[in-house]
Amino acid sequence: MSEILHRSLTRPVRVGNLIIGGSNEVIIQSMTTTKTHDVEATVAEIKRLEEAGCQVVRVACPDERAADALAEIKSRINIPLVVDIHFDYKLALKAIESGVDKIRINPGNIGRREKVEAVVNAAKAKGIPIRIGVNAGSLEKQFLEKYGYPTAQGMVESAMHHVKILEDLGFYNTIISLKASDVNLALEAYTLAAKTFDYPLHVGITESGPLFSGSLKSAAGLGAILSLGIGSTVRVSLSDDPVEEVKVAKEVLKSFGLAANAATLISCPTCGRIEIDLISIAKEVEEYIQNINVNIKVAVLGCAVNGPGEAREADIGIAGARNEGLLFRHGKIIRKVPEATMVEELKKEIDAIAAEKMAEREREEQELANQSN
C-alpha cells in the first residue's frame, strides 16, 4: 500500500524497547480499567493484555497512591508503561522518577511555565517522550469560542499550542493524539495533523461504545485513518474488557497488512454446498490462533472444489468435503484427512508453520543485533 509510506516521514520516538514512528510497525496500545494503586489487580490485567498482543499499556495516575504504585507495576510487566497525568505536575515528576516509559499530559493544563519546565527537564533527563492528548470533548475554551464547536482545525490548533510550549523548552521527543468520538471529525483532524506535524500520531476513536457497536465504529474510523498511511500507534476504546480492545485493534491492522506479528483467519460465509460444520470449526480455529504472534494466514473453507484455489495466498488451510477434509498450503493440496481429525491436523500444521516463522524471525533479529555490534 503506497500511501503507508507517509509513516516513514514521521520522527522516530523511543518508548521503552520500542521505536514508534519512522518506518516502524504500527503499535497496539490499551489502557487498564483497574485502580492503579491496586498493584496486584493492575499487573494481572496488564499480563492479560500482554498475552493478547498489547504492546504498550497506559494507566491513570489521579493521585499520590497511584503514583506510589508505578515503580512496582513497571518492575513486574514486560511492555512499555505510559502514565496519564492531568493538571498536577508533581504527579508527573513522580511518575517520571518511578521509571515509566512515557507520560501523557497537556502542557497547557499543567500550570505555570516553571511547572511545565520541571516536567520537561525530568523527561529529558530520563529520555522519555511526552504524548500530547487533544480530545474533542475537552477542547480548550479559546478554540471552542473561535470555531463555535469542536472542529478539526480547532483540535490541531490546540495540539500546536501544546507542541509550541514543549518546543520553546527545547523538547521534541513528542507524540500527538487528536481523538474524537465522531468518526468524520477524527478523520479530518488526523488528516490535517499529518500535514502539520512530523511527530508520530497515536490514533483512535474515543468513547466508541460497547463491544459490538464500538468495534464497528473503531474499525470504520481507524480503517479510514490507517488507509491514508496515518498512525504510528493505535488504541481501540471500548466499554468492555480491554483485552477486547487489543483483539479488535489486531484485526484492524491485519486488514491493512500492518500487523507483522499476528495470525489471520479467512473463512467462507457458507452456502448450500457445505458438508461440514464450518461455522463452529472457524470459531475454534480463530480462538486457537488468537495468541500466535507470527505473521501466518490460515483458511477454513467449506468447498473442496473451489476452496484451495480461492485461498491460495493462505499459508495453511482446510477445505471440507463429505466425511473428509483437504489440507492445503498456498493453494496446493498436501493431503486428505478424515473429518473427525481434520481440525487437529490443521492445528498441527499451524504450529509447525508458526515455529518455522518464529525461528526465522529470531535468526533475522540475531543478524541485526550482530550487525549493530
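Each residue, glycine too, has its Cβ placed from N, Cα and C.
Per Swiss-Prot, the feature [4Fe-4S] cluster binding site maps to C268, C271, C303, E310; the stated evidence is sequence analysis. With a 10 A radius on its CB, C303 ([4Fe-4S] cluster binding site) counts 20 other CB atoms from all the protein chains.
In this structure, the binding-site residues under consideration are C268, C271, and the one with the smallest number of other Cβ atoms within 10 Å of its Cβ is C271.
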